[in-house]
Amino acid sequence: MPEQQPYYGKNGEPKKYDPTFKGPIYNRGCTDIVCCILFIICILGYVAVGILAWSQGDPRKVIYPTDSRGQFCGQAGTPLETKPLLFYFNIMKCASPMVLLEFQCPTTQMCVEKCPDKFMTLLKAYANKEDFKYYKNFCKEGLEGLTVTQILSSGLCPAMLTPSKPFTRRCFPALGQKKGGEITVGNNSKFDDGEGNIRDAKDLVAGVKNATVVIEARQVAMKIFEDYTQSWYWILIGLVIAMLISLLFIVLLRFLAGIMVWVMIVMVILVIGYGIFHCSMEYVSLKSEAGSNVTLKDLGFQTDFSVYLHIRQTWLAFIIILAIVEVVIILLLIFLRNRILIAIALIKEASRAIGYVMSALFYPLFTFALLSIVIAYWAVTAVFLSTSNQPIYKVFNETACDHSRKICEPANFSTSSMKAECPDSKCLFAFYGGETVYHKYLIGLQFYNVFLFFWCANFVTALGQMTLAGAFASYYWALVKPDDMPAFPIFSSLGRSLRYHTGSLAFGSLILSIIQIIRVLLEYIDHKLQGTQNKCTKFLLCCLKCCFWCLEKFIKFINRNAYIMVAIYGKNFCTSAKDAFFLLMRNMIRVAVLDKVTDFLLFLGKLLIVGLVGIFAFFFFSGRVKAFENTAPNLHYYWVPILTVVVGSYLIAHGFFSVYAMCVDTLFLCFLEDLERNDGSAERPYLMSDRLLKVLNKKNKPEPAE
């Protein structure tokens, strides 16, 4: 580490490190104040954007369907309160390609109390008083005294009604399918379109594309919901079991970490050895087979890869590759044995540290709560921003018209020049938009909302990392554990992080957020250019996405270790990042070994927990065990609670092990600092555990007798 200020020993000799250092510094000052102020200003701006969005937005546009006049169907306190469903005059017009561009079906839409449940044409209904009374429920007002021709030309009624069912508050034809695959509507394969034409029911399919699939999906969703109501308490029991197994695994790592690592290494060596033996047997067995001595060069490239397995040279290549891998692993074990022992000792020490700071295991719940608030604020603000536009009406027509798709005003459209020039045109609600300054910069506000979401989410994650790092560092540097530790290490570290290092947390999370927003923009550009980009553009975008993905991983690594150094020394973010980076670079091999050993153990733990709980859930919910036949609930899909338990178990294990990984990383940096800062003398004793001292073949010298 670079010198911050000169320190002097008893005889006046200069020292590189402060000999009085005994752990995380308590007398520290605020760091990265400029970034802290910037973060607070941006948060205030974020709140202002939220208030502006909430004042301008209207989530009813998402909740309620909108008719051709821009009115909300089923909205309480309005004349349409009793008409919650949206009815399309001619659903077949929704098959028009313009729907994909305008996001609006070019036919009249109105709010109705219920969907039609019978076949009927206007021409036939007009001749029957009772039928016409029923038909009026799906027509506009002002039908008195008009003929059928006048009603149709004025667009007051649909030409026909088809049996329909409500879905997402909209009326879709009740499509079905006979055994032969013939499409039906209302159990009929033909229908009268109201214009004297008999049409096939399949003509309706394009207008309600995927409607039947979605309806079936809705039924599946209802069954899944019922399964949850029947099995939720058993799911909770499974998640509690996963939590207990996670705690038990962390405790057992103190005693079994070394065994697990060496068993893993031996298994890898044995598997590779078996692979060499198997390849050798195949190589020998092909000796007498005709054509097996052909070389790979003579054979050339073959699309059927099984051909290569009949060539002796293929198995010889396998033997050589596996033998090289085996030799490399054995040599690494010989030369890195001591570093593997250090990694195992640090992992055991991490388990011991968590035993002293048990509250750290539940800190992810606090992080989860904060992240939930950030996500909820972003989602609500995004909804209000996206619904803060004004209703836009456009001209829709069936014949050629110069005013087609132009903006119109429904209040005076019947007397406008557009209507005079295009008699069959209609002024219908198209979408939500606006031309004010607010609406022009709406996309910028959405971008600001997304960027602040990334910044706040990364800030919360960084706060959790620094808090845990400060708590575990206080354990490592305590000479007498737990007497020299704070009474509440987590709360003490959390207070220091927020009071002094909000700026450093904001700085690191800002850098990461900028990279993440660039990745989002690259994905957006790639999505927009799909189908139009050439191979060169695709290659360039692919390279950029790959580079920024790698950069994000690197920044996360730097930030994580920088937060540990900030928690210990209280320096600013850049200095801490530099110190951590060079400290790790001076111990690259130790870093690599510890990282891989820790990754393996945590992967093994997650696999063990998810596997055990998942197997238990499978045999319980599937009824495969007779002892649970009468206890297990009756379900439509037994895989629903099983998948829920498996995913929940993984998330629980990940939450516990993320704390464990942070503990290992913190203790590792403290361990490296301990080696460079202290020399085992009475003035500067090592503060690492006796196990680590033994692995390193070091010891603390006793204090000289007076």
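All positions are counted from 1 along the displayed chain.
Using the three backbone atoms N, Cα and C, a Cβ is placed for every residue, glycine included.
In TrEMBL, the feature transmembrane segment is placed on 635-653, out of the ranges 84-102, 635-653, 654-672.
Counting Cβ pairs under 8 Å to the transmembrane segment (315-336), the top-ranked stretch among 31-54, 259-277, 356-385, 498-522, 600-623 is 259-277. Counting Cβ pairs closer than 8 Å to the transmembrane segment (31-54), the top stretch among 259-277, 356-385, 498-522, 600-623 is 498-522. Tertiary neighbourhood of the transmembrane segment (635-653): same-chain residues 223-224, 226-228, 230-231, 234-235, 238-239, 242-243, 246, 605-606, 609-610, 613-614, 617-618, 621-623, selected by CB-CB distance under 8 Å and a gap of 6+ residues from either end. Among the stretches 450-478, 498-522, 600-623, the one making the largest number of Cβ pairs under 8 Å with the transmembrane segment (232-253) is 600-623. Between the transmembrane segment (259-277) and the stretches 356-385, 450-478, 498-522, 600-623, the greatest number of Cβ pairs separated by less than 8 Å involves 600-623.
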